[in-house]
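**Student:** According to TrEMBL, the record shows the following:
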DISULFID  C879-C906  disulfide bond
DOMAIN    1-126  domain 'F5/8 type C'
DOMAIN    132-312  domain 'Laminin G'
DOMAIN    319-494  domain 'Laminin G'
DOMAIN    496-533  domain 'EGF-like'
DOMAIN    532-584  domain 'Fibrinogen C-terminal'
DOMAIN    741-906  domain 'Laminin G'
DOMAIN    907-945  domain 'EGF-like'
DOMAIN    957-1122  domain 'Laminin G'
TRANSMEM  1162-1182  transmembrane segment
Amino acid sequence: CFNHYITSVSTLFPGAGGWSPLESDKHQWLQIDLRERMEVSGIAVQGRHGSSDWVTSFLLMFSDTDSGWKQYQQDDSLWDLPGNSDADGVVHYKFPQSIKTRFLKFIPLEWSPGGGIGMRVEVYGCTYKSDVADFDGRSSLLYRFNQKSMSTVKDVISLKFKSKHSEGVLVHGEGQRGDYITLELHRGTLALHINLDDAKLQSSASHLSVTLGSLLDDQHWHSVLIERFNKQINFTVDKHTQHFRTKGSCDSLEIDYELSFGGIPLPGKPGTFLRKNFHGCIENLYYNGVNIIDLAKRRKPQIYTGNVTFSCSNPRITPVTFLSHASSYLLLPSESLPEGLTVRFQFRTWNRDGLLLHTHVLPKSESLLLYLSSGRLKLTHQKSVLDKMEITTGHGLGDGLWHTVSLSTRGFQVSVRLDNDMPNVLESNSVIGSGDSFFFGGCPATLNDLNCRSPTLAFQGCMRLIFINNQPINFFQVQQGLLGNFSDIQIDVCGIRDRCLPNYCEHGGQCSQSWSTFHCDCSGTGYTGATCHNSIYEPSCEAYRHTGSTSGYFSIDSDGSGPLGPTLVYCNITEDKIWTVMNHHNMAFTRVQGSNPERPYTMQFNYSTSREQLQAVVSAAEHCEQEIMYRCWKSRLLNTQDGSPFSWWIGRTSEKQTYWSGSSPGILQCECGLEENCMDMNYFCNCDADREEWATDAGLLTYKEHLPVSQIVIGDTDRPDSEAFYRVGPLKCYGDRNFWNSASFNKEASYLNFPTFHAELSADISFYFKTTSDSGIFLENLGTKDFIRIELSSPVEVTFSFDVGNGAVQLTVKSPNPLNDKQWHYVKAERNTKEASLQVDQLPIKFKEAPADGHLRLQLTSQLFVGGTISRQKGFLGCIRSLMLNGLTLNLEERAKMTPGVRPGCPGHCSSYSSFCQNGGKCTEKYNGYSCDCTYSAYVGPFCKKEVSALFEADSSVTLTFQEPSLDKWNKSTQSSLIFSETSKSRESISFSFLTARTPAMLFFLNTYHQEYMAVILSRNGSLQIWYRLNKLKEPDVFFTNTVNLANAQVHQVRINREGRDIYVQVSSPSMDREVMFAGMQGFIGCLSSVQFNQIAPLKAALHQQAGALVTVKGHLLESNCGSSIPADLNTFTTTHSLSDHSEKADNEREPLMNAIQSDSAVIGGVIAVVIFITFCIIAVMTRFLHLQRNMHQAVSKDKEHREGLERALRNDVDLQSTVGCNKKEYFI
């Protein structure tokens, strides 16, 4: 090893002096010649001793010659290296991978603000020995085997190469049966083609091609390593590796006679690739430990050398890099030639647009522009502002490859040629001569010549081999300021880089790029975001429930942004328990015959998802089950003499399971054996009785660590008349352990610690929190310098901060409402190579772009702290739930069980989610979440959103009957008490929906013991009428709604609310007609849905509960979903009435309220004298209680009078067919 240094004194660090240029500007550099290629492992830099001169940042370049430099990258996207902060401090850099080079160049970028450039440099490393061969595009090396054919199961090929050409075969070998291996340089990338199978027996599906690397035609060394063992292959180019397996059935590679390097000696040979031979240098070429170049140099007989030299030629090619799309340009002068001009150059770029060349031509007023537009090459002959001619050629030229352009004029013609295509020609009306100046890449900002205004951006990319009028350009003179002028360019280096290698687009996203950035196309991946990191699917059926989804097929992504993809499941969201159902390919009853223990029947169950996805779904669930049924005729399950079972199944653990149909692991029994009710008590399964009759062993497998069932084996159906049927149902799971996994932090000094969060390139963190504190840290993870932190920085602000080496970045989302309101709030923070983002609830997401060239990797070393920090300061007080990091949910509850100051779980979910329970549903707390109690709602379902509807035929009705409490003991039910208490209030609320085409019709009827009643009817003309009779001595009050015909076979909603003396009526009707006709109807024929009186739902009670003393159904009643057809767009009107006092008016005549509809909430006054409804309820109770026996006969008389009075009141409109019983309040529907 060596220490090589350049300084003014014999010892670098303690001594004085150093390098300091006369002028401190960005055109200065320090170059070191190591005399021969060395293996450089590190450097150290200082400022100039005893001065104010030092360099604060610099570029490091290296080259085998003193031209064609390459920049050293500290990180995947970091080019400049930090330098010194004073004159005598030493900054060391140890390279993760050594550099093999002869020349080093240090280019200062920034330096001491109070001084100038000053450097002392020391270089560390060792001597480097290599065997090199030079191939001229026609030569090759042949390594001949000692036998006719070589068959190997293990191969290792390693080499290094460099070339300026993008095509060429490096390695090739093939066999007569069709085996081959080929390594070729194609379009600047390396392609490995391999086939291990007989081409005569196998289709092309066994052939495999893999590409790796990019921009490999840059005239710099690149390393290659191919390792094969059987079908497994590791393919490495520089520091990028791909692992893959070959296709087909064979493991060995059979090659006949020889292996060629540098080309294919006999192109056209069967199976060979018709490609170009390699043109460039190869060093240290090894095949299975054999040094091929060393054998060739020593003229060994097994090596045939075909025009190969053993030193690497280095053609001097000077590239130029144009850095800025706004200000880069290169001005080159030339002698004016009236007879014409010729310009030739090569370019490469990732941009689709950019000016390549602008030049004035003779006549002086004219100019030629050559530029890229949407990836195509355009030539414009600009004669004046309005007079121009254009031609376009090529496509996809922003592909990063070198392209050759030739532009020439001769006489009246202008021609342009791209690569090897035919020239494209423009015809002019005058002879075009060469001007005296050529602008490459752009135009100076100070040049106001109209003709130099570029139609596009300046060029960003590389150019080389520039010839003007057949004269090459001397870029050394340009660099010294002796020729032309330039701005924002680098000379003698091509700074192009492939931002899609490595590919930072995740989950199969397609990467595309420009000069300064890359983009990810996430189409069809199931993911979204700048790097396709975030799944577009919910992690579970429980999560879909909270989005308001109903039952159906959904794609769930159990690990979110993790490596597992989405899987299609069925979500049953009709119950309190949300079931996830995963089917397999064979869920029908399957018949089995002819199997025995030596030749058992086997069925493998294939699910619509991978094994890893199944495991993720099952692990996250609270409970899983799978039905298994075995139906037998003389076919045993477990009954063998030696104790080994005839049949068994295999689950997720790939272990043999012998428990069946509801039994438990390790117990060789069926469900009937555990319950001791098998058909033969001498056995533990029904089928083990071995009878000539059908028997069944069926039940649920619930030990979820063994689920799902992946295989079933049946071995006793080959005896005479023996047969069996089996069925394995779908896997069903409910509950989401991750969604409700939470912890409560009770002390500011408490926290939970987890292993280090490894998220170098991409990190996403999401969770829910609720608190009453003003501030607190949710989580923190530290590194040596890097860190990541999320905190509640104020009662209305959440802050996400991190540092990956480019300086601290902070994003803050400010909420208009306090976040410490003891409600659940959602936070999601993400950081990747493109950007950082922070989301809080549904507030606008805050974004911040990452620097184009900077550190990419987040290096964390400490433990992850949740709810606090290692300093135990600014801890979080409150609850954190569903904390997920890069798709992995942290088990807060388990960690909280063993941590002081932290409790598992977090009560109070209804404080945030009670609004999810609709239509009067009540939120009920659970340990893991909540549920909606729909007992007192007219709706059902997980959120009380599903309407209960029924179709009524002629003469059908539902009657809900209840009596006042304290009369009979058998009537003291909870429902009776509730109904009575509801009718005893000073307010009532009635709502229902209906659909009918028949009038007149009774929709709703309520009556009391004292012959008071309330009715909702449709009159003959289809208008809605509300009848109140609160005094049997007076005529009923009738409310008319001024609406169109409501008996129009459309769904209408009615809401009636009474508060004290005021009655509010709301009728909602659809805005679109429905042509549904009902013919031949009598009574009410149609649909009623969502019928509710206060908290009583009589229709729901009739349809969803067993009929009893409280519910009577007359006629045929059919449950339907007709109520769900109510459209969202409804014409709604609201009517408000006031009940007058009947005591103030002796004779109250029926006065319909006309024109009582108003679109606003204004009160429409209508004076109707009635006694408040609750008064009669109380009188009815007291009368019943005090005079029960005495009033028995009176009740009959009153009931008769009541019926007669009711019939007289409604005889003009409705024909009531049901009588009213005494002592009761009733609903007629």
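Placement of Cβ uses the backbone N, Cα and C atoms for every residue, glycine included.
What you are looking at is a predicted structure, and each value in this text was computed from that prediction instead of being measured.
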**Student:** Among 1-126, 132-312, 907-945, point out the range having the most Cβ pairs under 8 angstroms from the domain 'EGF-like' (496-533).
**Tutor:** 132-312
**Student:** Averaged over the domain 'F5/8 type C' (1-126), what pLDDT does the prediction give?
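**Tutor:** Computed over the domain 'F5/8 type C' (1-126), the mean pLDDT is 85 on the 0 to 100 scale.
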**Student:** With every protein chain in view, how many other Cβ atoms are within 10 Å of the Cβ of C906 (disulfide bond)?
**Tutor:** 24
**Student:** Non-local Cβ contacts of C879 (disulfide bond) (under 8 Å, 6 or more apart, same chain)?
**Tutor:** S742, A743, S744, F745, F769, K770, T771, C906
**Student:** Under DSSP, the domain 'F5/8 type C' (1-126) has how many residues in helix, strand and coil?
**Tutor:** 0 helix, 66 strand, 60 coil
